[in-house]
Amino acid sequence: MLTQAPRGTRDIFGAEMKEWHKVEGIIREICENSGIEEIRTPIFEHTELFLRGVGETTDIVNKEMYTFNDKGDRSITLRPEGTAGIARAYIEHGMHNMPQPIKLYYLSSPIFRYEKAQAGRQRQFHQFGVEMLGSFSPAQDAEAISVASRLIETLGVKDIELRLNSLGCPECRSVYNKRLREFIGENIEHLCPTCKDRYEKNPLRVLDCKEEKCQSIIKDAPSVLDCLDEECTAHFEKVQEILTEMGIKFTVDPKIVRGLDYYTRTVFEFVTNSIGAQGTVCGGGRYDKLIEECGGQVTGAVGFGLGMERLLLTLEAQNGKFCDEPYKDIYIGAIGDRGFVKSQAVAYNLRKEGFKAECDTVGRSVKAQMKYANKIGAKYSVILGDREIDEDSVSLKNMETGDVQEIKLSEIAKYIAK
């Protein structure tokens, strides 16, 4: 057990880590271009934050949180999602006094949920998210959705569908919950055990069930859109109007509810069939009551989250490996003690100039060094010995074509930069 990662966790390294870096670079570029600034919040928070923010009737709070008492007997929880922590930070640092809206993103933040480990879903996973706080306008909803849409398009995710819904305000939801409870009550004997429990605590959660027998019942459930008041209807229509003007295609789906209690009005998901049952690549919505629930002022807010593992799984399923660039620009081999010492210095100076250079540090034979150069995907290689050092001349080999050319040792950087 000491040599195995805990169930539901995994190590990320090597070529896979390179894929992560490439995706993270694209995310940063799009966020910064959109005026969204990075934030990093603690990996754990006071448990009360998630009880009040996420909702005590959610599966996350009831079944999935990693909660413990610290040495001061305070209840602490490893974050099961990213939004509540940012809401807390918005309040704590008086961000409401800054120019609004505040637009923040977090990247590859570890998230912890105790649930069944499966492809695309781990007990520790990493999330990218965007939160836009300080605006009630439907234009803010559309901007958040457009950032997610642009990212998904830039990354090249195929066969993706944007699904929209509105849950309305708390008053609208109360009306809908009553209708939904009546409908479910007539069919409750056909529901799975989990949904029977959800029916008692929060009937809206039944719509989120993936069990086939529950899905067959849910398809005939009343639509939340029929329960929206005039203001909520106008808000949802304006979101759709702006997205249409942006050229972003979408489908209105009244069954989209998301798994957290803090959502109000607009909710959305980007869905694909490339990863089976866990088809939601990205999801989010508006949460106008969360800041107030956490002790702040009434604040309009909207955001979304995206699981990094699930995103990369989707990209690989659709396109193969997302990043297959050579791992090293050049391998500096060595013969003899002078060559060994010189190769270290040459590699060091090439790295200072921005090249990915590797050299021998374990005393391999020349044959073994060339095998190693191939294994690490080096584009070029040279071997340094007494002659090369004395004559300031090396044979630069293109590892893909096998072509060799004589160049000055001091001019390696110029040639491999071509």
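The backbone N, Cα and C atoms fix where each Cβ goes, glycine too.
TrEMBL names E81, G82, T83, Q127, E131, R258, Y262, Y263 for binding L-histidine. Of R74, R113, R121, the residue it gives for the same site is R113. Of all the Cβ atoms in the protein chains shown, 20 others lie within 10 Å of the Cβ of Q127 (L-histidine binding site). Between the candidate binding-site residues, E81, T83, R258, Y263, the densest Cβ environment within 10 Å is the one around Y263.
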